[in-house]
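The feature active site, nucleophile is assigned by TrEMBL to A:SER174. Look at TrEMBL and you will find A:ASP342, A:HIS375 tagged as active site. The feature substrate binding site is assigned by TrEMBL to A:ARG244, A:ASP376. The domain 'AB hydrolase-1' annotation in TrEMBL covers A:55-380. TrEMBL lists A:67-87 with the feature region 'Disordered'.
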Number of protein chains: 2
Amino acid sequence: MSQPATEVAASSVGTVETRYLDLPEPVRLDCGRELHPVRVAYETYGTLSPRRDNVILVCHALSGDAHAAGRSKTPSGESTRDGFGAEGHGKDLGWWDGMIGPGKAFDTDRFFVVSTNLLGGCRGTTGPSSIDPATGEPYGPDFPVITVADMVRTQRAFLDVLGVDRLAAVAGGSLGGMQALQWAVLFPDQVDSIVVIASTHALHPQGVAWNAIARDSILRDPDWQGGRYYGTGRAPDAGMGVGRMVGHITYLSAPALEDKFGRRLQFSDDLRYTITEPEFEVESYLRHQADSFVKRFDANTYLYTSRALTYFDLARQHGGGSLARALDRVSARTLLIAFSSDWLYPPSASQEIEQALRGLGKPVELQVIEAPYGHDCFLLEEARQTPIIRRFLRERLL
Amino acid sequence: MSQPATEVAASSVGTVETRYLDLPEPVRLDCGRELHPVRVAYETYGTLSPRRDNVILVCHALSGDAHAAGRSKTPSGESTRDGFGAEGHGKDLGWWDGMIGPGKAFDTDRFFVVSTNLLGGCRGTTGPSSIDPATGEPYGPDFPVITVADMVRTQRAFLDVLGVDRLAAVAGGSLGGMQALQWAVLFPDQVDSIVVIASTHALHPQGVAWNAIARDSILRDPDWQGGRYYGTGRAPDAGMGVGRMVGHITYLSAPALEDKFGRRLQFSDDLRYTITEPEFEVESYLRHQADSFVKRFDANTYLYTSRALTYFDLARQHGGGSLARALDRVSARTLLIAFSSDWLYPPSASQEIEQALRGLGKPVELQVIEAPYGHDCFLLEEARQTPIIRRFLRERLL
């Protein structure tokens, strides 16, 4: 669906370019290692206030990148949006363009919005496909195993270079929401508020399992070559494609698939009696999603990012097993948004966070949006999130 | 958990041996082809009545075989039970031993229970790993694409040879339940009753998707070799293992995984920071399940059987899109059992069948059992199914 040009212009941050910044110091990691050099890919939207007190850090999910809003000056040809969310979404548009811009949820008339590609990424920030200075070759499996906290420490170091001490807000969905929570725990004095969407304090065992299956699918692909596939002309596309299919189904709800595809056949009214070819529309959809994803994403980044999000466990990391103890240091106001049909990051996870914060007497608000599309709602239900987030951020200004 | 020897003896059908029977005629298939020769692997338990009116056909699910009850005379070393259901289940015991035997749900003091390996199988019945008489080599991808109706026609032809015209009941769970439904539609005058457990008249699109992912994982494994891997020393174990992991998670409920594994680590109290090794207990469990499955199962049989169960669609095949029209010819009494936590074959599917049959004025009973383990309940909740099935089968005798 295209909008009239004037309307696009009025609500868009316009054409943007991803920039790159090299951190001056090594990043210390949870695993005990240090990483240096670290480059961070980033974009900014809006204007930094003279007091530098209007910064919102936006954190992306597993397969996103720094290009969160506006039209890319150098479009890569593939939006980081895919699945249901790709429909009607311009290929050069940022993955959260509906949420970031003048008058939008993250209003660039008021806020200076910063978006970075996360540590371990494959879209400009240092990750397993980056050159290891020790060898002159891509890190591959020698890249250190990173955590969500490591991603956040990298963002902290990046913002130091930008001269930004405090954040008005950290916001993100899914793995992005984990980063927002991690910010509030690691740097309680530097975060005014967090917006945690379709996320959790610790992925439930079924989610751990789905991620393990997706990773195993990559690891078992002989083209993975122990992680040293760069420059060989072969990459574990087959395995990552299967992993991505698993992901896609977990991001959607069963009723959404019923509504969208039903049991319709792809090519004819009759069965074709084929084992190797797609027969149902949903089968074709999955193959298409897998094929387009492997063109734009690095398998090792998938492995490392998936591992980081399964490791994430605020209670274990910061509370000796107690979520309340882990959240005790939080001083940020917290907005939690969950979606009724999200079974990967279910509302119950957000409720646990809400109850823990409320029990500690901390300001917290949970909004559960009734919506049918599952976890992908955090990208699809922009219109209904917008007034909630705008009001939450405005309260801070009062 | 082992039982006292006397108790085993009292409720067991004892030691059994799988037998084999070659059908005299070709089997005509839905795809238009004929298959010949067709061998059927089978076991029987109990005694055929002089009037041959006490026969129950038991149909297995995707990964089962003809060894449904008793102790195998020639144990293969791996039960076809796995997952949660493998615990405390002897390796040489049939997959439904808790349900078939003297005094059990399918009471061998009254009934002559017949169990066959399904068409396309890899445990004795003709399937893709069988020798194609046209080439002298295993069929592999030249095996015709089969349907649930083809499986049932094969069972019909097999029972003809045994001299059995009518069935007191056809029973099965999951794909086995589809076969029971298919019997009632294809041969309405020859089936007194059907017991359809944790099954459906047509798999919902999310289930179609899971199956497509599992098949794609096999197809994308280079060791699949276009289906001609027999005798090459390489088989698509890696891909089938991933497919089986997907299956396992869909057979269980998220709360069951939470209850069983939580987020417990496998090897220590601390993270080991590993990408390639399992870290959480649920990750180890999945790998173990995959590894043991690939030792006992043929990947092509997995592909063909998975395809057949996604094709199964009573309304499309027999009702021009209407389930009621498809079921109009049914004369069997129908018992449907579903499990509250089964999200792969949810209670709603059984309710649709119940409502269609009730609307047609046909005798039907639906029992939804509240149980937490998901689809695997049909194997795990034997104790609670037993009185329901015994009563249902007894009513027939009145």
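Placed from the backbone N, Cα and C atoms, the Cβ positions cover glycine too.
Annotations in TrEMBL come from automatic prediction, not curation.
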Cα-Cα distance linking the residue listed as 'active site, nucleophile' and A:HIS375 (active site), given in Å to the nearest integer: 8
Might you list, by sequence position, any residue in that chain lying six or more from A:SER174 (active site, nucleophile) with a Cβ less than 8 Å away from its Cβ? A:ALA61, A:LEU62, A:ILE197, A:ALA198, A:SER199, A:TYR345, A:HIS375, A:PHE378
Measure the Cβ-based neighbour count of A:ASP342 (active site), defined as the other Cβ atoms within 10 Å of its Cβ. 29
Pop the Cα-Cα gap between A:ASP342 (active site) and A:ARG244 (substrate binding site) into the table, whole Å please. 18
Looking only at C-alpha atoms, tell me how far A:ASP342 (active site) is from A:ASP376 (substrate binding site), rounded to the nearest Å. 8
The predicted model's mean pLDDT over the domain 'AB hydrolase-1' (A:55-380) is 96
Including all protein chains displayed, how many Cβ atoms other than that of A:ARG244 (substrate binding site) lie within 10 Å of its Cβ? 28
Those residues of the chain, 6+ apart, with a Cβ under 8 Å from that of A:ASP376 (substrate binding site): A:GLY83, A:PHE84, A:GLY85, A:TYR251, A:LEU252
Can you count the other CB atoms that lie within 10 A of the CB of A:HIS375 (active site)? 27
